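Visitor: Here you go, one structure.
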């Protein structure tokens, strides 16, 4: 970064190290400003302190070293006082504070903003230090400023309390006011829930010297139990804040209640402790800004479909596996929402699909109604585009940080809500009915704000010019007086030219002298007697008059009074709006839900999605299903649809497990993800990319698609694969959907085949999970001849004399070739390598005995649900004695 020319750069001194820590200095020798800096820093030792000095926010000592490194700023030094020498210093311009603060917070730091809280001219006149105070404490989980937040993503702050195997979790997005808590007894479930939420910051209580320290992602600490992923940012908080009594009292006081029974957490002590500790942290970091949180809601993790981190990653729900980008994810493909709050809601829905068929059908009914009524759908979507992010706007209003533009945007949106209610008045589906009754007071409130504020208010409130004329009589009178003086100044130059006869006389202004009259030096002798000389320049003389200074004082006084009065009027208006924050946020939740469903109806129409029938039992019956992302990437008509039938149950001879074989790069992994995404979309309440679909609810989706070395934990690709597979076998049920791709490939062939066979057999006979098992071990096709609930499918190809054509069609039957050498040819391997590979493969196929005898003497077995191991008859197929 290149600093502005007026930034106080000085070369570091060579006699003393400017990078010293302040704790090793004699503070009495520091200048008064540095003494105050150190005093503030000791109050916030775990935050980076940005300290206002003129037009810059500066930092010193070790904070300067850290910030210069993280932000790539110039590290310089500044005189610290007699006998101290120079101290390390860097800084940022005041107008760039938000940008640089955001960068530091994104890197996992807490940032304390120490700003001037009085006019510097008053302090200068009294020859004292300008009064400064901490005005903001920014941490990763407590951001509210629009410029620091991702409009389409929640910024969650979480708190965790753990006792043995039991845990409590609370989380909130203070920019929207959402506040939830839960309690459970499985530490693995805690890790899954944190992985779903992806909180920006997690509070964890300890009783140790590291209190209030923030651990950046990846930073290790003995204070954190192994069950907590180290990929998050943790703030270590005092245990005393998280005691049950302290936490319960804080919740009762905050919500002005006598009991927590209405919140549903009365008998969940760990959930209460987590919620109370989180509340305390919000109060501590937000200072004078009271965050208007929504009522605390208690939920159970058993209410939703479980998606572990591996599944979310493999299904590419919010970001791609390859580069972590939004483009190419499921969310990218289906997010047609018109508002930021709708986009956030869609993300939450995708990461927390429903298990309740009634909730799913309620969403489907609304999508169906909007799909069948294109005019209504388009009118709703057009009206939604006119509505701002009222969820976060109401939060800033409630916290007292909203500016005039924020308030005007909120007001305009409140007025539009009445139009939206009118549009859905005839709706019959649940989510349309929810918006038919919008409080009339909200529209009146919006109209009141619009009537008070000018159409294009300035960004900063203290610039004035915010309130319309005719709102306040005193304000109008001050403005008239001010305008009279301004008009006098406008006419002064003409008047003085006529009075003096000096045609090149000018009336000007600067910050040093204020208003003055300028004459060329050649005309100085003609200056009237009432002109008082103030400054002589090379070609110019500058004068003032008694009347001019009197008028100037009137202007300065009037501006100050005007700005103060306008700010009072605006603040009062903002307080009135803040009283309606709960009602506004309740409506915002309904608007966001309607936005999501209208967007899903839109994509259902234009991408040809069908309404899935939510069936009882364990059924997955999809006809001509498509991958929602790949089909959009390829364009209309290019994607090859495929069907699937899974879920063996009475009256249906569908398999529980499909062995899927086929060539490399033929589309097996795409097919696996396609089935998983259709199941997920169905339980989100969305329509799905298929000709028709009949789908039962599943409790979990497991995926194991591809693996890489985990260098951080020293695990090989194969070990990562085995850990993921073990997790599936230990947690899957007959209501789960399991999608496996190439189990056992990271070890010797016999070992890999043995593991793959055993895993598939266990899934089919013991767990009876609905499973697609993609593999290049063609020997696994023999399972279908052994187990009644296993079927073979293959991704077909067309063989030509010198090449193969991928048809991307999934058909019954097992493949006996993987065409890996042909894939190598397509990738550009040298011809000599391809030819040699063909020779080697011929020899291997000729002499291999892996598959000999697999069909001999095997009677087809009907699996029986059991907690025991598969029968010996199933395992005896490898017995040499047979």
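Any Cβ shown, glycine's included, is placed from N, Cα and C.
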Visitor: Any idea which of 1-22, 23-44 is down as region 'Disordered' in Swiss-Prot?
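Guide: Residues 1-22 are the ones Swiss-Prot records as region 'Disordered'.
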Visitor: Quick check: which same-chain residues outside 662, 663, 664, 665, 666, 667, 668, 669 lie with their CB within 8 A of the centre of the ATP site CB atoms?
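Guide: Sorted by sequence, the hits are 795, 806.
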Visitor: Tell me, by DSSP, whether residue 662 (ATP binding site) is helix, strand or coil?
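Guide: The residue in question, residue 662 (ATP binding site), is coil (DSSP, three-state).
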Visitor: Check residue 667 (ATP binding site) against DSSP and tell me helix, strand or coil, would you?
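Guide: For residue 667 (ATP binding site) - judged by DSSP and reduced to three states - the answer is coil.
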